[in-house]
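S.K.: Pasting a structure below so you can have a look.
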Amino acid sequence: MVLKTTIQGFLTAVKGLLLTVRHLFAARKSRETIDIRDEKYFEKQEGVTTVQYPKEKMPIPEVGRYQLHVEIDDCIVCDLCAKACPVDCIAIESIKSPEAIGKTSDGSVKRLYAAQFDIDMAKCMYCGLCTVVCPTECITMTNQYDKSTSKLTDLIYGFTEMTTEEVAQRKEEWTRFQAEKEAAKKK
Amino acid sequence: MADLLLHIIIPIAIFLFIAGFTLFAVYAERKIAGFVQDRLGPMETGKYGLIQTIADILKLIQKEFITPSAADKALFLTAPVIIFVAVFIGYSVVPWAPDFLPTNTNTGLFFILAIVSIDAIGILMAGWGSNNKYSLLGAIRAIAQMVSYEIPVGLSLISAIMITQTLNLNEIADLQGIHSPEIIYFMGFWDVTDIGGLFAWHIFQAPHLLVVYIIFFIATLAECNRAPFDIPEAESELIGGFHTEYGGIKFAFLFLAEYAMMFLVSILGVIIFLGGWNTPLPNIGSLRLADWTTGLGWGLFWTVSKSLLIVGIQMWVRWTLPRFRADQLMTLCWKILIPVAFVCMAISGLWRILVIV
């Protein structure tokens, strides 16, 4: 009994030692990144797997599912993304415009100014629902994943291009327009 | 005066060697661990992470001395010193090259065995003095393990000593090369006194000595508390075992002692079984390879390179085999290694009487 387990123990130890020494010598070269559709994908078992991150990066698809990006020129400020968001990480404030501001690249008419379009990436759970509901496909997920910052507030991304004066001016314009409309109604 | 100076320089030289070796060995260990596991190991500090261990030791030296308030202060503070000194004194009788050793005593091997076992007391002091249950558990495990494994180490060495008939490490190494005062037989039948090299080493002088060396290697691995026999430290169960509470320079000394012990048992195995400073290259006819590669410099080179190879094997074993359970550890020692060592001892006795004459 003891003899049998001992012999077995030594044999398996030798087997393990041979396995590790094979890996030790195979570590002379790095494992290259190959496509998962490649037939030999699972046969590549040897070589160093470490990716020295800031110096080298793993190839990732262009349409990754990492950080959110808003093409604000294409945004019609419909607020659908904010409503779809399960964790409420998108904050949108809109200002109505008296007339159409312009057109997005897919031809939708813009009638609202985005006074505020903030996405809190610290809250985001990367479900991608906002990108699904967007009618103009202006909100997308990008392949950027390195977003480490020293301050938590740096993770709140502001996408609006309007300055505070501009916001005040547009608000002013809208209230004047409303007032004029009210005045016209009363006449 | 010159004599006194020599007595100061030699320990400092050995200490510097141990410190340098430890820095190198920790780096090598981490690199080997990395490569075995398909990783890269340290890469950031210096080219290929070469100065990583220097950065580590600088960090350890700068650290504050922290003693737990419930610790037994005297034991806690003296334990690292005792552990390191026990191993360090062991180096005093180790020959590095022909007649190149700090002390040439006739009881060298016995002295090493005696002095290195003080290590166990140091570990118990560290574990008890920390006043931490994990440390104490680790220390108790360490004592049980080290006391048990002292027996196969002793028996395997006795088997070799029965063949050599001397405890003087310098003479033991001398008996395995071309300058041997006695006739050397490869496996007991082929006179290799003039050929030397690999064939004259003790592991090849008698067939059972190879088994004895394997026993010695396994048992010394346990003596150093190295994986797969690292249950005294067992990071995953006992945090760090007996050195849980240690930090800074005290921890550095415990670490230094561990690596010094690794090198000590490796060099001891090399001297007794693997030919010591003798070259592995044999004389082949007029090609006097053994004659050309024997001498003070060559001796130093062979001793150190063979020892480093054994240290490398210890690391390789560490990163391959999982940790033994306490009962498996004792089974391996008492039911397998000790009986086999006894059988080998008996064979050694018979070999001495019947074969060598």
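Even glycines carry a Cβ here, placed using N, Cα and C.
Among the features that TrEMBL reports, transmembrane segment is placed at B:6-27, B:74-97, B:109-130, B:142-163, B:199-222, B:251-276, B:296-317, B:329-354.
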S.K.: So which of B:6-27, B:109-130, B:199-222, B:329-354 is most in touch with the transmembrane segment (B:142-163), counting Cβ pairs under 8 Å?
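M.R.: Stretch with the highest Cβ contact count: B:329-354.
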S.K.: Decide whether the stretches the transmembrane segment (B:296-317) and the transmembrane segment (B:329-354) have at least 3 CB pairs under 8 angstroms, with pairs required to be 6 or more apart in sequence.
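M.R.: Contact criterion not met.
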S.K.: Counting only residues 6 or more past its boundaries, what in the same chain has a CB within less than 8 Å of a CB in the transmembrane segment (B:251-276)?
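M.R.: The answer is 18-19, 21-22, 25-26, 57, 60-61, 80-81, 83-84, 86-88, 90-91, 94-95, 109, 112, 116, 119, 122, 126, 157, 160, 164, 169, 172-174, 176-177, 198, 200-203, 209, 212-213, 216-217, 220-221, 223-226, 243, 299, 302-303, 306-308, 310-311, 314.
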S.K.: What residues in the same chain, six or more past the boundaries of the transmembrane segment (B:74-97), come closer than 8 Å to it by Cβ-Cβ distance?
M.R.: 11, 14-15, 18, 67-68, 103-105, 108-109, 111-112, 115-119, 121-123, 125-126, 128-130, 169-170, 173, 245-246, 250-251, 253-254, 256-257, 260-261, 264, 267-268, 271, 276-277, 296-300, 303-304
